[in-house]
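Q: Under the heading active site, proton acceptor, Swiss-Prot lists LYS179, HIS297, citing sequence analysis as support. Swiss-Prot lists LYS205, ASP207, GLU208 with the feature Mg(2+) binding site. The feature N6-carboxylysine is assigned by Swiss-Prot to LYS205. Summarising the annotation, Swiss-Prot assigns site 'Transition state stabilizer' to LYS337 and lists sequence analysis as the type of evidence.
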Amino acid sequence: MSQSVSERTRIKSDRYESGVIPYAKMGYWDASYAVKTTDVLALFRITPQPGVDPVEAAAAVAGESSTATWTVVWTDLLTACDRYRAKAYRVDPVPNAADQYFAFIAYECDLFEEGSLANLTASIIGNVFGFKAVAALRLEDMRIPHSYLKTFQGPATGIVVERERLNKYGTPLLGATVKPKLGLSGKNYGRVVYEGLKGGLDFLKDDENINSQPFMRWRERFLNCMEGINRASAATGEVKGSYLNVTAATMEEVYKRSEYAKEVGSIIIMIDLVMGYTAIQSMALWARENDMLLHLHRAGNSTYARQKNHGINFRVICKWMRMSGVDHIHAGTVVGKLEGDPLMIKGFYHTLRLTTLDVNLPYGLFFEMSWASLRRCMPVASGGIHCGQMHQLIHYLGDDVVLQFGGGTIGHPDGIQAGATANRVALESMVLARNEGADYFNQEVGPQILRNAAKTCGPLQSALDLWKDISFNYTSTDTADFAATSTANV
């Protein structure tokens, strides 16, 4: 039965005379809420302060990340406040964690500016992470609706077009980071690029913190890198590249360096995650307009992505970066020196490479989501990997990935070119064995494939001898909540 005008007036009067009332009673909790296809959905892992009800904590997160403040305000009456309030609609206990809960929250899509990652994140992670009602808070996953995704450009090039440009199919791409990452002169830097590409790699790259320092200014680096690229391409007949890091103090300088990279013939440029979301989107637009690949180094991500109870899960960063429009992003190796539970890494790679995401709790994927024709993003595996792990890398990561062996190329005892050749032969022999039906991931079969290939490749034999006992066996900090897993270093 509908309420009379006087009854509705009394209810509103009671609400707005009450000063401070619980968030759950302010409209930010609705267990019967019917999720709309146009809603932005967020899953938070919440750790309420002692004595705070989980439902109230979830409602507080919904309120503080949408329209609420600490008290009732009359100006709510001047808005469609019932529509614009985020709705916490489900709270589940986290398995094997007595004080943690998964809170599902729905946001009206009109709360966010079209095509603006900065505006989306200003609400979702902007202020709420410092809220006293929760002891810790982590953004675990998001579902971005089709209608909102369509306002973002997605990767400027994508996996398919990148392979067409390189004319390379059915195999991972090979790369390496120049080492040492700081201190080389431009001439020696270019020599490293040439040796690595001549030996069989597809890409060399700058590291995250090489920009324009006194020992080597950016223009000097770009020129020497391009000399190495052009010589290696002419010698091998293959398309080659080196990720030229254009990260700088101002966007004016970033654009200046990017334009110069284009003028001297580079096919790819690189930026760092620490540039910020607006800068990343701006560079993705520039890369699309100028027909360049855009590589993103995830510098800084572990400051908020690694801890299990507070921060942002990296799968969310993967979604945001694919929306922003980068072509490459570092996404973990499983077997290297950096954080990488195998199931979590699978979830990151699915997020970057699939056109539709299904719910997969062991992989940390909580929502179905169509990518609305946004191009796929190429994951990059980098950090403590070597050719002796090739069977594991292909098994865990598949073909659509750039395998970057920095120390695993430049640390080769016979030199950089030999290190690159060892990686190329290891990769091609493993891909061939896989395509012929070999049980290559078997811990006896895979290494034997490499040993057989090394009989006719001295650089591979030297690499296997040097690194055969190297692994990084540490338990991952961020593991799946719905499956018992451990770091897969074997």
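From the backbone N, Cα and C atoms, a Cβ is placed for every residue, glycine too.
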Q: Setting LYS205, ASP207, GLU208 aside, what same-chain residues sit with their Cβ within 8 Å of the center of the Cβ atoms that define the Mg(2+) site, listed in sequence order?
A: THR177, VAL178, LYS181, ASP206, ASN209, ILE210, TYR243, ASN245, MET270, HIS297
Q: Could you find out if DSSP has HIS297 (active site, proton acceptor) as helix, strand or coil?
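A: The three-state answer is strand.
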Q: Rank the recorded positions LYS179, LYS205, HIS297 by the number of other Cβ atoms within 10 Å of each Cβ, and give the residue at the low end.
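A: Counting other Cβ atoms within 10 Å of each of the recorded positions LYS179, LYS205, HIS297 gives the minimum at LYS179.
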Q: Once near-sequence residues are set aside, which residues in the chain of GLU208 (Mg(2+) binding site), 6 or more away, have Cβ atoms under 8 Å from its Cβ?
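A: Listed in sequence order: LYS181, ASN245, THR247, ASP272, VAL274, HIS297, ALA299.
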Q: Calculate the distance in Å between the alpha carbons (Cα) of LYS179 (active site, proton acceptor) and ASP207 (Mg(2+) binding site), and round it to a whole number.
A: 8
Q: Among all protein chains shown, how many Cβ atoms are found within 10 Å of the Cβ of ASP207 (Mg(2+) binding site), not counting that one?
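A: Looking across every protein chain shown, the total is 19.
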Q: On the three-state reduction of DSSP, what should I expect for LYS179 (active site, proton acceptor)?
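A: SS state of LYS179 (active site, proton acceptor) = coil.
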